[in-house]
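S.K.: What follows is a structure written as structure tokens; I'll ask about it next.
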Amino acid sequence: MAGSQSQASTLVARGGRSSSNAPTGAAGALRRRPVRGSGGSGTTKAQQAAMNFYTDDTPGWKMSPVVVITMSLSFIAFVTILHVVGKFQ
């Protein structure tokens, strides 16, 4: 028993390797990501299509999200006021 390690004293790393094969320091804590193709931002065709949909020059009113939310809340408040006024008449 002096030359061999017991089961309790052997540390097993996250990947299932014993502590004698496990990398030490920061290399042991971080795993490398697989290498992707040649450069680029990594956007897919679906993401590019979505960006084109939102950035294309389309006919219609151009409104920011803040304007849309403000108008929606105003409409909800107006309908609520109409219900309250209609209840008391």
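Cβ atoms here come from the backbone N, Cα and C positions, even for glycine.
This is the feature table in Swiss-Prot:
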- 1-46: region 'Disordered' (REGION)
- 1-10: compositional bias 'Polar residues' (COMPBIAS)
- 1-65: topological domain 'Cytoplasmic' (TOPO_DOM)
- 66-86: transmembrane segment (TRANSMEM)
S.K.: So what's the average pLDDT for the topological domain 'Cytoplasmic' (1-65)?
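M.R.: Here the predicted model's pLDDT, averaged over the topological domain 'Cytoplasmic' (1-65), is 63.
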S.K.: Below 8 angstroms Cβ to Cβ, which residues of this chain, lying six or more residues outside the transmembrane segment (66-86), approach it?
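M.R.: Distant contacts of the transmembrane segment (66-86): none.
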